[in-house]
């Protein structure tokens, strides 16, 4: 039963990745579609229910400060100063994904000391922040990320920067 739930969850993550592909086509975006999907899977199980609580919002569990560092993107030309701009953006998968791309452009770095910048680094930056990414990730987050990347990385048509 647990294996079926994991497979279903991973399949949903893969479908979400494919959905991101329509928006994230440019090669200059640092995070691959599969990596975005796996970060989503690891952090929230890609739960698309509109959510804000404990200082985070959306399927990527983004904070207001993260959103601000990611450029305060908005939907439909909404003002970034609008009371709802943050929640509206980060609860939208495309706006949230673009916020992450901007954040990683700003803070992308080799967090694990392997000499490259890849999804493991982006996942650490996403969870621990641009200045704390060398810290320890929780076992649950790391193992969900590992499982997802092992399953879906062969489907990625480009490599991360």
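Quick reminder: no glycine exception, Cβ is built from N, Cα and C everywhere.
Feature annotations, courtesy of TrEMBL:
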type: DISULFID; residues: 35-119; note: disulfide bond
type: DISULFID; residues: 40-46; note: disulfide bond
type: DISULFID; residues: 89-95; note: disulfide bond
type: SIGNAL; residues: 1-26; note: signal peptide
Checklist entry - How many Å lie between the Cα of residue 35 (disulfide bond) and the Cα of residue 46 (disulfide bond)? => result 13
Next on the checklist: If I restrict to non-local contacts, at least six residues apart, and a C-beta distance under 8 angstroms, what lies near residue 89 (disulfide bond) in its own chain?
Outcome noted: 67, 73, 74, 75, 95, 96, 99
Checklist entry - What residue among the disulfide-bonded residues 40, 46, 119 has the most other CB atoms lying within 10 A of its CB? => result 40
Next on the checklist: Using a 10 Å radius around its CB, how many other CB atoms surround residue 35 (disulfide bond)?
Outcome noted: 29
Item to check | Spatial separation of residue 119 (disulfide bond) from residue 40 (disulfide bond) - C-alpha basis, Å | outcome: 12
Checklist outcome for this item: A correct count of other C-beta atoms within 10 Å of the C-beta of residue 95 (disulfide bond) gives 23
